[in-house]
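Just below is one structure, and these are the notes that go with it.
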Amino acid sequence: MPRLLTKRGCWITLAAAPFLLFLAAWGADKLWPLPLHEVNPARVVVAQDGTPLWRFADADGIWRYPVTIEDVSPRYLEALINYEDRWFWKHPGVNPFSVARAAWQDLTSGRVISGGSTLTMQVARLLDPHPKTFGGKIRQLWRALQLEWHLSKREILTLYLNRAPFGGTLQGIGAASWAYLGKSPANLSYSEAAMLAVLPQAPSRLRPDRWPERAEAARNKVLERMAVQGVWSREQVKESREEPIWLAPRQMPQLAPLFSRMMLGKSKSDKITTTLDAGLQRRLEELAQNWKGRLPPRSSLAMIVVDHTDMRVRGWVGSVDLNDDSRFGHVDMVNSIRSPGSVLKPFVYGLALDEGLIHPASLLQDVPRRTGDYRPGNFDSGFHGPISMSEALVRSLNLPAVQVLEAYGPKRFAAKLRNVGLPLYLPNGAAPNLSLILGGAGAKLEDMAAAYTAFARHGKAGKLRLQPDDPLLERPLMSSGAAWIIRRIMADEAQPLPDSALPRVAPLAWKTGTSYGYRDAWAIGVNARYVIGIWTGRPDGTPVVGQFGFASAVPLLNQVNNILLSRSANLPEDPRPNSVTRGVICWPGGQSLPEGDGNCRRRLATWLLDGSQPPTLLLPEQEGINGIRFPIWLDENGKRVAADCPQARQEMINVWPLPLEPWLPASERRAVRLPPASTSCPPYGHDAQLPLQLTGVRDGAIIKRLPGAAEATLPLQSSGGAGERWWFLNGEPLTERGRNVTLHLTDKGDYQLLVMDDVGQIATVKFVMQ
């Protein structure tokens, strides 16, 4: 009976052994899980073609370039598996024959001389380093079995491809291929594949950059094995043995540092693939370095290039020199908030075209104005009087842009831009106002470049794509016709040429901007394929006297444009939209008039949007007789009379806006354009038979303040003339509209006072204050 029980117990033990073994393995697996996940892994940012841009090492300073099996040349995989572990795809993580051989060699020698390690076991050692002892070997075997339990063969091989040591701080075939050879691991030759396959066996001793002879000998050993096993032909091996150990200049990836830093926060991936073009990025950074010597002290620059056909960002230079602290090289000016100056002007003109407020030849008024406490001026401190919208945009005049924004509405304008991804940054609690159009709000260069794509994307502004998988998103900003017209104006081709004469290749359309106090210089350009954004200035916001967009940013814009043209074929110009037609309009009314019509004082050819001919846009205060078109009554002699005079007949007359009178030839002023008044039945309120005169100070007078007085008080009177008075002191409008005005002068210097009445008569006087 005891013998029977013993035999039965043995059978029970044998039957239970697999279960107990499985239970023990399961428990050990739970107690000592595989260390697959790193807390702070190495990361790399790469260009769209896979070229590494910038590496971010892990806590141990290790650099990796993550790859998949598909990213690696089949030649390397053949060399690796056939040299290191021929039975990799079949064994369970441990090759019993190799282990037995290694164990016998180790036992007979009394020390570990042969590892017998499979690729799975090598991965186990990489994940969980251990001493080269028998206990360490058992631990390695256990980890290998764990790997095979939890992962597929492809996953284990992928771990090896990314964790194998290749010398120094390099881990993985991706990092090694780029660091040693300057190429993708997908493009390895037979010779290169063999060299890199053997390198992890002794990465310090076989480093090709330090020991090329050793690396060549090890490579040849692998090549011979490939020939013996029939993996590669003898001819291929022979040619590969003759290939010298060639290495690219050893350097870590150093492109787009600020862009790469930004991308770390946008992706959790160990390898962040971006839309940047590595070749273009390198050219842009070389250009920035060459440009550094032209910049004033403590100044920097920023550049962005966007392919407007698909909204991919192709180049991004955030500063002139990352390592130059005096120029705040660590500050990315592409996504910093700065005052854009006049760069917003094309948007307000395009939106006003769609709104039917203006057309390209609309008469605008570049004259002194004051709106409350806001008194804008032009960059050149002068005024140009009557000017078309096209000319105002080309010359970047401020007063016409303010006039159009006032009609469109600053709050509405800011909301429209915000809706398409161009937020304007205002001080806390501030509301959008007329200063927006002259740089009175902050903006980012990246947002500005994205918004400018509307001029190349049929009026739709796209969202920048930083990674290839980012969706293509866009929102309408203006109509296709308005975008086409504004782009032509920015290319300085506002004249409505015949279609046959339009350029076949899209020219560079561009706009500059200069912020208040010369703190920022901008230039944004749109060519056939790209939008180029340029900024120069001091990151700390201090002024750079003499820096403005045309002088500081446009030369850099042209250099970038030349680089782009040399790299890609020119794309054809977009055809003229059907909504855009040619027309001829008249000034001052702004609309077409028949030939010979006396109200057409000047004819201008222009593009028209949807055939619309908006009348001349007036300032808010220009109504009634101060406007452009109003009725007059004439007697049988052609003289002006009151409406209720006998035999009075009505006619409509177009005159120029009153503020433009000082810039008009005498024949175009109201005093000449309006027929003389009848003395027998004059128009109501008219005493223009008396010339307009100015009294209170004689021409050439010298004015002095009374002793102890802070100012000189100068009462002035006007007589004659008709209607209200318009007063200008040194070209600046005064708020008074009456016949008399009192000046309070505090500054010494030359003065010119001008008064104008409702019919355009002018009286002037010059004097000096001492």
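Backbone N, Cα and C atoms are what each Cβ position is placed from, and that goes for glycine too.
What Swiss-Prot records for GLU84 is active site, proton donor. Taking all protein chains in view, 19 other C-beta atoms sit within 10 angstroms of the C-beta of GLU84 (active site, proton donor).
SER342 (active site, acyl-ester intermediate) has a Cβ environment of 23 other Cβ atoms inside 10 Å. Sequence annotations record features per position, and here Swiss-Prot assigns active site, acyl-ester intermediate to SER342.
The average per-residue pLDDT of the prediction over the region 'Transglycosylase' (43-213) is 88, rounded to a whole number. Under the heading region 'Transglycosylase', Swiss-Prot lists 43-213.
Annotated region 'Transpeptidase' per Swiss-Prot: 278-559, in sequence order.
Residues or ranges marked as topological domain 'Cytoplasmic' by Swiss-Prot on the basis of sequence analysis: 1-8.
Look at Swiss-Prot and you will find 30-770 tagged as topological domain 'Periplasmic'.
According to Swiss-Prot, the feature transmembrane segment maps to 9-29.
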SER342 (active site, acyl-ester intermediate) and GLU84 (active site, proton donor), Cα-Cα, nearest whole angstrom:
65
Tell me the coarse DSSP state (helix, strand, coil) of GLU84 (active site, proton donor).
helix
